[in-house]
């Protein structure tokens, strides 16, 4: 089915509708799983020596110093244009503003007289950021990860990226307060962050995107007792656009293509109650596709993508919630009015002037988002991901005395005698003091 095929949702059977919303299959092959497991074990056992061997094998690079020096970072900064530095500064300012606003006030309540309960937040002590390499370095992800880590107060923030690390990544790391940067990529970088080596410190939590090997490595270390937590499950990038007859076809097409160019496994979907809009968007996609350097990648992604005509906007919202897109763009006359009906989406973009690119780079929201349907249970990355909540309780003698019989009754019902005794002993002590 080509992207030019216009699908009438209400002419499809329930089975066909489910198939239309299926994502491209993702699963790590047995060979990837085994290879990653071997890499993790090797790095854990052999440390820096294993990292250097894997860099030579996979990155075809001889790494003398794993840690990037301050001089190298300063030189990278000198090579960047002032225009790019200024653009990064604007983006960081907006990201700071939005994520600082996410700070939660402490909870401090008396649930009953003499029983005080609190909830306080503490930063995750150490975090590791993974940034992929390649021809198009994702320095914007450095901004999205390192900025909230700094605001949260994480004591140790380190970054790994495959050598040679792009100047943009090094400058972004410095700009956002990353303390150490390491010339390590792939699954071996995840292993180094999870277990620690002579050069790379072990961290409590790992953030960042990557290829199938990196994704599998993150999954595996998150399940090992001696490993590390991870940010969220990862999958191919995706966008769903809801548009009515008031939308601009060229705008819609550009948003669909900006997602499709990420990779051949990306998925884009258009939902519209207007068949003419669907046809106009399809034509605009073809026109714009011809001008893209990554046209072949985008075209492959479009093979698993959909143009769907619905009964009305309410049905568009219903289908979108069923799919739960990573990015949801609403280009309708009443875009803001539809938000209350949206229950599952990573990030929502309202109106003609809110392209996904704004959130990807500089509006202030985070571009690290749940994909592959995980929006049903996962949130977009935010300050809370770099923090942990801790509860505190304090009972006075009056509060304890009032609650004691309740606790004893509940503990006895669960046949946890020691729990009951911990209360009874204190009750008896109070009686003796009286």
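Numbers here mean position along the shown chain, with the first residue as 1.
Here the Cβ of each residue, glycine as well, is placed from N, Cα and C on the backbone.
Feature list (source: Swiss-Prot):
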- 130, 188, 211: NAD(+) binding site (BINDING)
- 237, 259, 262, 327, 360, 414, 419: substrate binding site (BINDING)
- 259, 262, 360, 419: Zn(2+) binding site (BINDING)
- 326: active site, proton acceptor (ACT_SITE)
- 327: active site, proton acceptor (ACT_SITE)
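Annotated features taken from Swiss-Prot, shown on the structure.
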| residue | record | DSSP (3 states) |
| --- | --- | --- |
| 130 | NAD(+) binding site | strand |
| 188 | NAD(+) binding site | helix |
| 211 | NAD(+) binding site | coil |
| 237 | substrate binding site | coil |
| 259 | substrate binding site | helix |
| 327 | substrate binding site | strand |
| 360 | substrate binding site | helix |
| 414 | substrate binding site | coil |
| 419 | substrate binding site | helix |
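Listed in sequence order, 407, 411 are the same-chain residues at least 6 apart in sequence whose CB falls under 8 Å from the CB of residue 419 (substrate binding site). The two recorded residues, residue 360 (substrate binding site) and residue 211 (NAD(+) binding site), have Cα atoms 19 Å apart. Closest to residue 326 (active site, proton acceptor) by Cα-Cα distance, out of the binding-site residues 188, 237, 262, 414, is 237. Nearest Cα neighbour of residue 237 (substrate binding site) among the listed binding-site residues (130, 188, 211): 211. Residue 237 (substrate binding site) is surrounded by 24 other CB atoms, counting those within 10 A of its CB over all protein chains shown.
Neighbour density at the Cβ, taken as the number of other Cβ atoms within 10 Å, is lowest among the binding-site residues 262, 327 for 262. If you take the Cα of residue 188 (NAD(+) binding site) and the Cα of residue 259 (substrate binding site), they are about 28 angstrom apart, rounded to a whole number. In sequence order, 132, 186 constitute the residues six or more apart from residue 211 (NAD(+) binding site) in its chain with CB-CB distances below 8 Å. A gap of 21 Å separates the Cα atoms of residue 259 (substrate binding site) and residue 130 (NAD(+) binding site).
Long-range Cβ proximity for residue 130 (NAD(+) binding site), meaning a same-chain Cβ under 8 A and a gap of 6 or more residues, is found for 159, 160, 161, 189, 190, 193, 206, 207, 208, 209, 210, 214. Binding-site extent for NAD(+): residues 130, 188, 211, maximum pairwise Cα distance 12 Å (rounded to the nearest whole number).
If you count neighbouring Cβ atoms within 10 Å for each of the recorded positions 326, 360, 414, the highest count belongs to 326.
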